[in-house]
Structure formats: C-alpha cells, structure tokens
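Novice: Can you read through this structure? Questions will come right after.
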C-alpha cells in the first residue's frame, strides 16, 4: 500500500537520522532524561480518534465532516478549531463556512447512525464559561475560530462532529483538477491518533470513469505527513471512487495533507484557469517521494542497527555473566550432602551462623539468639513483673505486665559480639544489677549507634572466619549499571522511534535485567563456608521437621539447648520453637518449684498475659528499627503514493485545543 511522503518530525527526525549510530544511542540515552519530565505537563485532553469525510462537490467546494473524539484529562470549558483562511496554488483565497456542530457522548458503532441520533448544537454570537451545547464562530482575519462549549471534567469522553464547507481547496487546471488540502493542521496541541480521511467525488458518476491503477490513470493521490501514513485509492466502482488516507498518529506540531488529481469534468461548476498542472504535480511528488523513501531507508537502517545493539549486546552480556557464574565464580560443592544434621555445625557464635544463613546480613533473630545465649551463660536474667499504674485522669488503677532483663554478671563476657549486645540493650555504662524493660530499647538515644556496632562486630567475625561472599563487587554490580543504561537506552530508543521493533527492544531490556540479577545474586564461598552453610541448613531442616520424625531429644540437654538457640538464630518460627522446647520432658527442664534448669527456656514460653519473651523481644527490636527509620526519613530531601516530505501548500491546516 502506498505510504505518506513526509517526515513525522521534520527537524528532530532528520537530525537524528544524520547521526552515526553510536552518537544516536548516546544522544537518545541523554535526551531521555529530558523526555520523562514532560510527564509533569498536565495535558488537558487526548484525541484517540479523528475520522474525517470529505466530498468534492460539483462546483469545486469541499464538504467536510470531522468526527473528533476527545478524552479529557482535566476540567475544561470546551474545545476549539482554528481553520486557516489561506490562498491556494492559483492565488485564490479559501473560505470556510461552518454548517453544523453536534455532540454525542456515547456514539453507536455506526457513525451514520450516531450522527442521526445526535442533536445539533446552537450557534450563538457569544457564550460564557459554563454554557453548554452551543458554539461560536469568529473570523480572526487569517483564520476562522470555532469554539464548541462542552463543559467536561477529567475522565469524560465526547465525540464532536463538525460539518463545514471549504471554498478554494479544489482547483481546476486546463489538464486536471486538483484537491490540495491539509486536513490535520500542525497547530493542534495534542497528538491525534487513529486518523482517517475518506475523500469522495460528487461529480464522478456523471463524469469520466475513474482509472487509478494504470499509466493512463486519471485519479491519483498522495499524502504528506507522517512516514507511517498510508494512502489507498478505490476505483472499483468508477462512478464512486474513494481516496483514503490513514495514519496511526499525527503528532502535535505535524500536519497531514492530501493531494489528489482527477478529471476536470468531476467539477463542472469550477472553471479551469492557469497553466497545465499535471506534469508539475507529478514532478513535485516524484521528488518528494524519493526524499521520503530515502528517509524511510535511513530510518530502517537506524531501527535495524539500534535494535541490533539493544538486543545483541544484552544477549552477549547475559551469556558472559552466566558463563562466569558457572566457571570462575562458582562455589565448590560441599562434602556434606545429607538432608539432616544433628549436631552443632561449629563453635561459632550464633549471631555469626545467623549471618551466614541470611547471606551476610544481621537480622533481629541474631540479636535475640545472642540474648538467649547470654541467658544460658547466666550473664543476664529475664524477669516477668507485674506493677500497678494509675489509670488516665486518675480513674482507678490498672495492672501492667512487662518483661525486663537484669544484668547479672557482666564480668563473664569475653566475646566482642556479646559486649556489643549488652551495650545495645543496657548501654555501655551498665553495671551488674541494672534492669531494663523490653520496651525501653526503642527509647535509647544511641540505639541506632549501638545497633550498628552490634552488626559490625558480627560482620567483623564473619569476615575473619572467611565466611563472606567472595564474588568481587565489580562482577556483582557492574552488570547492574550496564543494565540500567541499556534499559534507559531501550526506553529512549522506543520513544524516539515511535516503538519500532518494540518487542525486540523489550526483550533486550529484559535480557540486560536478567544479567544484572544473576550477577548480583552470585555467591562464592570458601570450601569451609560452603561446608558450614550446608550443615546449618541441614540442622535447620532437622529442627523444623523434628516433631514429624518421631525422634527423641538428645540426652545431652546442654547440646539441645544450644541447638534451640541456633533455631532462633536461623529464624525458625515461634510455633516450631515451642514444640522443640516441649519435646524435653517437664521434669528434665523444670525443678519442683517450677524454675527452669536451663534459663534460656524462659524465652520460649508465655508468662502471665504476655506472649513469650522471644516474641516480645522481636517486637521491641522491630519497633526500634522502625523508630530509627522514621527519624532518618524525616530529615531526607529530597504512504497511496507515499505521504511525502514536501507539501504544505494545501489550504486548511490550523489546529485547536481546549479552553
């Protein structure tokens, strides 16, 4: 099908296609930084459909009916058309007469039925904001302004039909008649989508039969405007030929124009004048077609090269990342490959093993496990207390339950991780006998500092034990930076090429992201770390499945208690932990007075109306983290013949918008 013969964006597109591809890609990536902020501009409407019917009358006038659908994105008072009053190629001034304006909110699928169902608007000499179903026509000297008053709000949609007669768009020459008309002007504020023009000829039935597909054709048509526009001629019925122009989109600042030559006896009421015209038209259109085709070829090359770069390079990047991930940056296989492990994985601190299981991060369960360890070491004591407080406004008293921890033997602490945990909970100057409620943790002025100190001590030991991820940061994070550039380039390339090869561009971006994700998740550990991690994970599985395995608790309860502390460090659920604690017979964990032989058991069970200390401490730690995050956030800122590159000489055009 013939296409339009023009640049979609004459200045920008021509400049872009003249650039070498690398420079284009760089420019596109840079310019995208300025493209995205345009979203901040509050467009008031969109034009999802513009369908125009134009009939060349026997006297040479052009009877036009436009159906424009508006989707409003803001509150507006109405819409307007500016229709230029220009001279045609014969030097005659064009005139425009508005005949009818109609509005239909919910149009039937058949436009003719819709038009019959609609009610004509009333023309008035003037109208005010808020008036509806009226229109005004004002001669501005060089143009005619039609204002249609349809007060609308954001989300409203309306189809406006405007019928008008143009004199001067059709010219009769000694050898041909010519329609030269700009049906979409360059001054419209917004892009017009789904653009269609259907031109018919009232005098064709009584005149020479239409011929459009041979060298002696008497009906020819061209379109000027977007390069992706299409022109088709239908002379199947010689007495009723059609010229149809279609474009998926005419951007704001662009125009769309029709030029057609046809027998002069189709306009018997229009007297021929001037010199023979047909050869001139054919010559001009041939030159513009050649130019447009050259532009299309250039655009194809740019689209091909750009698509190749934005898909092949990410594919290569992904391949390299996967190759390196499976060769150079692959962890050794562990010797231990059993499902369960029924012993302590190592003598490392529970917080260090927790960090290993959590990929080098220190979670709240590491801190809680440390406190439980210190409880078993009898450095601290956990207490459940009930006190009396006055009610609000002195309306009686109420009982309040809370957990607290007492520092019992600070001198027994030797591990820096334990010291950091005590400093976090009690403060650095705490003495034996000091007692701090759980809820006080989040109120400490230096909680953030001491929390970070605790994490630093855990990670320092983690590093010293060579348990950290040995994959180099350059491999883990460089693909992410490249992926960001490629995704940015894909978006910008899609914008500047109107989505050419969009599925491939999306694929390229997805491949780049996949490479980044795989690289970032690369984990390389030493043989010792791999072995230890496997044992920790096997122990965690055993503890989680313990009650379903019908196994007995080990005779060594000290070992069992340390395993339970590790279960906390690994993030085993409270329910499972309670089941594990219950697996020990009561007489082996409590004396006759109801006191626990092993103090850490205090952490697993509820006391009074409170949840277990383990659950309460988890909440207190999370509240502290939330408090710190909140305080930090508060200070942050932050083509028929082709549409051609020539044209612009037709009458019509103009633009419009909302008011």
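Cβ coordinates are placed from backbone N, Cα and C, and glycine is handled just like the others.
For reference, TrEMBL lists these features for the protein:
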{"type": "COMPBIAS", "residues": "119-129", "note": "compositional bias 'Polar residues'"}
{"type": "DOMAIN", "residues": "48-262", "note": "domain 'DUF2207'"}
{"type": "REGION", "residues": "108-134", "note": "region 'Disordered'"}
{"type": "SIGNAL", "residues": "1-31", "note": "signal peptide"}
Novice: Residue list, the compositional bias 'Polar residues' (119-129) vs rest of chain: Cβ under 8 Å, 6 or more residues beyond ends.
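Specialist: 77, 98, 100-103, 135-137, 147-149, 151.
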Novice: DSSP-wise, what's the residue breakdown of the compositional bias 'Polar residues' (119-129) into helix, strand and coil?
Specialist: 0 helix, 4 strand, 7 coil
Novice: I'm checking region-level scores; what's the whole-number mean pLDDT for the domain 'DUF2207' (48-262)?
Specialist: 90
